[in-house]
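Colleague: Please see the structure below; I have some questions.
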Amino acid sequence: MYNNFGCCDSSKDRELMDKFYRIMDNFDYYGYAKCAGYIQDIICQECSPFAAHLYDAEDSSTPVKTLPGLCGDYCSEFWLKCRSTITLLTGDLQLEKLEQDRDRFCQYLELGDPDYCYPHLLVNEQLTRNLGRVTANSEGCLQLCLEEVANGLRNPLAMVHANDGTHRFFIAEQVGLVWTYLPDRSRLEKPFLNISAAVLTSPWEGDERGFLGLVLHPHFKFNGKLYVYYSVEVDFEEKIRISEFRISASDMNAVDHSSERIILEVDEPSSNHNGGQLLFADDGYLYIFTGDGGMAGDPFGKFGNSQNKSALLGKVLRIDVDNNDRGPLYTIPPDNPFIHEPQARPEIYAYGVRNMWRCSVDRGDPVTREGKGRIFCGDVGQNKYEEVDIIEKGKNYGWRAKEGFSCYDKKLCANSSLDDVLPIYAYPHKMGKSVTGGYVYRGCEYPNMNGMYIFGDFMSGRLMILQENKRTRQWDYNEICMGTGQTCMFPGLINNYYQYVISFAEDEAGELYFMSTGIPSATSYSGVVYKLVDPSRRAPPRKCHYDPLPVKVKSRLINFVPKEKLVVESAKRPKAKATNAPVRRPPRATEVPQPATPDWLEEFMQILRNQQETTTATPTTTKPAKTRKGSREKGRQGRRRKGHRQLESAIRNGTLRLANKEGRHNQGRVEIYIQNEWGTVCDDLWNIKAAAVVCRQLGFLYVVRASKKAQFGEGKHLRILLDDVQCEGYEDSLLDCKHAEIGKHNCDHSEDAGVICGNDEYGEY
């Protein structure tokens, strides 16, 4: 009946069938004809996609029912015809006591939510319309959920698995440390790799230099080789370096740091657009994705680095690192496309790329293998478009002649010899300004997601999906939203995340993850790793089961402690996220739309500069962000945090203060100064957007909660000055939002509105 939903496997089905026949063997033909249908329907609800509702299993404070919740009319019919089966169906002593009393029996099986009682839920269109599908909200966003996998990381930008049956994974931080995680998500105290002393980066937000890429050799299990991509400074010159390391002979969870061999170094003329992706494709060769050298518009030479095949910048490189223990550290694959062009570097596989940030190899459909081996990349744009490409041998991806589908350098764009490949998808900067490439989902656990290319945007925090239309061969776009309502109300699931989406990853089983951070600095411990979860349909139990091989551990284990919480009042997208837990979606309590700028870095720095301004009418205190010893201090010296003390001088209309009995500066009843008096705000229509305006005006970076019902006490000594406040979230003051006439309201002080604000990733309670 429910084999498409993965709630029961074949062994459970046989178990229920045996139970059915054990019960029905007690009846003659007449009893069988009268009750068999009821019995089958009732016991099969264990496999219903609504089983958690029907058996009241979602509320941990109540016992799980032994029979599903039945609608009153159905329950009455069942009791009248087949009540003799009750003791056979369940061992619940309470139900057996109620067997002779129809009303009390059916009342006992009632559910708190009558919409979910059986069998009425089967004809409830609202409940069954998208059953078993990845559901979309009213705006077309596909609703997914998350599991928190790791936290407390400093700009986590790569996660790879060992592919050796242990199901370990390794997470790299921008500062140059890589950590080992076991399948139970515990972390080894000793780093897998630590080259932080050599890595060039800094604490200032937006620094694109650092440890940028990590990949393990396809035969890592046997040869212990891995490759890293990082920024270095040699004789005051900045370079990108690709090095080979080997695993320690005495510890399978540690790298032999003395084994480093520098495979390749490339001079970097500027500190941005450093590339950073390493991967092994199905052909066994190592692919290296370099940036165009930085600045804006690829200004290097007549046509820029990306179109210059004698330069290694702005390229996809392909080299052979097998059999390199003696002789050259790498060789050129014999079918590299430009190997016979005298002026071209033989390492080049494709060119015309700007700054590809995160690429992946498609594992292919689990059954048909369709799509296997395709290389997907996100290429960060200049000032108009972000794009997603499929990398092919010898192709020109257009930069700097083109950006997305449009011309950037009109003279180059008009060149008939350009012969460039168009992206499979491009989006404008109103949607996001720095693409983060992802993966095609080919895992086992969530069949509906098969074939979806899932990627994101670093600046806007959007999570997005592309899916190939088999008929048109075009790629259809959808956006991912965090599940609302009861979509993610299952143990371990959450529906919120940090905004700055840095990277995506795939584990050994093919499940997908992404990494994001609250403060995009190499020294901020606000990075979290999330696993993507589709709650609408999962694979049958044990279909995706695996038994990891044992791992010999020589370091102390640090158990994983999740910090994220489910947000009941969830927003449609992360950019408007509200949470009762610490807000995981900075940089501010609200985002103000920004115009397009000449370059991503300039745009990013402008947003950070904007974060230093507050609209409160009172002085603030500041303190500098922590800096890492030995770091080069270029540009800004780090993030400056706002203080929160207010002085009641020069009070202007719209000035705010928070009132609470505990004297906490970051939370309280909202009181506003209007026309020479202080007053309160009614919570009618009060929501997270209005709270964001309050927190931002008071100088906080985060909004944690929009509170209602006089959570922080009633301000009876004041008049209610504002009611029906409706904000977009970017206003400078509550007075700039829509609201009822000053002093007009239809509420009392039991509905005084409040807020909880925060100024770091863990909130300030």
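From the backbone N, Cα and C atoms, a Cβ is placed for every residue, glycine too.
Okay, so TrEMBL annotates it like this:
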type	residues	note
COMPBIAS	614-624	compositional bias 'Low complexity'
DISULFID	CYS727-CYS737	disulfide bond
DOMAIN	656-758	domain 'SRCR'
REGION	570-595	region 'Disordered'
REGION	610-648	region 'Disordered'
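For the listed features, I'd like the structural context: burial, neighbours, distances.
Modeller: When Cβ atoms from all protein chains are considered, those within 10 Å of CYS737 (disulfide bond) total 19, not counting its own.
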Colleague: Let me know how many other Cβ atoms fall within 10 Å of the Cβ of CYS727 (disulfide bond).
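Modeller: Total other Cβ atoms inside 10 Å, all chains included: 23.
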Colleague: Could you tell me the mean pLDDT over the domain 'SRCR' (656-758), as a whole number?
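Modeller: That stretch averages a pLDDT of 90.
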Colleague: Summarise the domain 'SRCR' (656-758) as counts of helix, strand and coil residues per DSSP.
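Modeller: When I sort the residues of the domain 'SRCR' (656-758) into the three classes, I find 16 helix, 36 strand, 51 coil.
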